[in-house]
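Undergrad: Next up is a structure, given as structure tokens.
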Amino acid sequence: MPALRTLLPHLGLFLCLALCFSPSFSLSNNESCILYDQVYPSDNLINASAEEVSGENTTYTVTVPVNDSVSAVILKAEKDNKPVGTWSGAYEKCNNSVVYNLTSLNNSAFQTNWTVPSSEDVTKVNLTIFIVINRTATVSSVKLEPKETSSLASTPESQTSAMTTAMTSAMTTAKTTAVATNSSTDVTSDNSTAVTTANSTAVTTANSTAVTTAKTTTMTTATTTAKSLAIRTLCSPLAGALHILLVFLISKLLF
């Protein structure tokens, strides 16, 4: 018992020290992945393009220009301060970032893939890239664009071709109809005019001929009838007697 009482103060002191230093330990472990002391903005040409749409996911290929002095590339994709998507390859997690330690470089560019659900609005995702050189990092941001499938990409062209064909056909039909209508109207007008003129001429000629013929026939008939009556009158016996009587009376009066 005396020995236990002697150890209790030391045990309590150890527990207090452990509680006091535990936050610093966790902070040290949490921040141990930070490989840089200073950060500078950069305009490095970072390329992030959607290369493949598989099922319900879209895979983006991220290309980062590097050289022999680059020791690590840190990538972070966040939306509303929360990590989005998954990264490929061998990396270490650091908070909401992934760290790619570059030990050997075979080319002047570092590539990795980032996969995200196709339903995710990538235009609202902040993709940040850190390039670490001698504990100094340059930071760049990339604007992501949604992947357009080939069917969607080819739709405007087919619609344009269909619309162009439809418009051309409609214009051709309209022109043909207009020309045909004008031609029909012209032909109808010409035919109507010709028929009307011909009919009018024929009617006028017929009427004139009929009237002239009727008048001529009537006058000729009347004249012939009058002459015939006169001849008949003169040639009758009564007319002869009257003629003789008239000659006798005239001779008496004269002589």
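Backbone N, Cα and C define each Cβ position, glycine as well.
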Undergrad: Which candidate in N95, N126, N134 appears in Swiss-Prot with the annotation N-linked glycosylation site?
TA: N126
Undergrad: Name the residue among N47, N67, N182 that Swiss-Prot annotates as N-linked glycosylation site.
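TA: Annotated as N-linked glycosylation site in Swiss-Prot: N67.
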Undergrad: Which one of N57, N191 shows up in Swiss-Prot with the note N-linked glycosylation site?
TA: N57
Undergrad: What's the CA-CA gap between N126 (N-linked glycosylation site) and N57 (N-linked glycosylation site) in angstrom, rounded?
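TA: Between the Cα atoms of N126 (N-linked glycosylation site) and N57 (N-linked glycosylation site), the distance comes to 18 Å.
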Undergrad: So for N57 (N-linked glycosylation site), how many other CB atoms are inside 10 Å of its CB?
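TA: 15, counting other Cβ atoms within 10 Å of N57 (N-linked glycosylation site).
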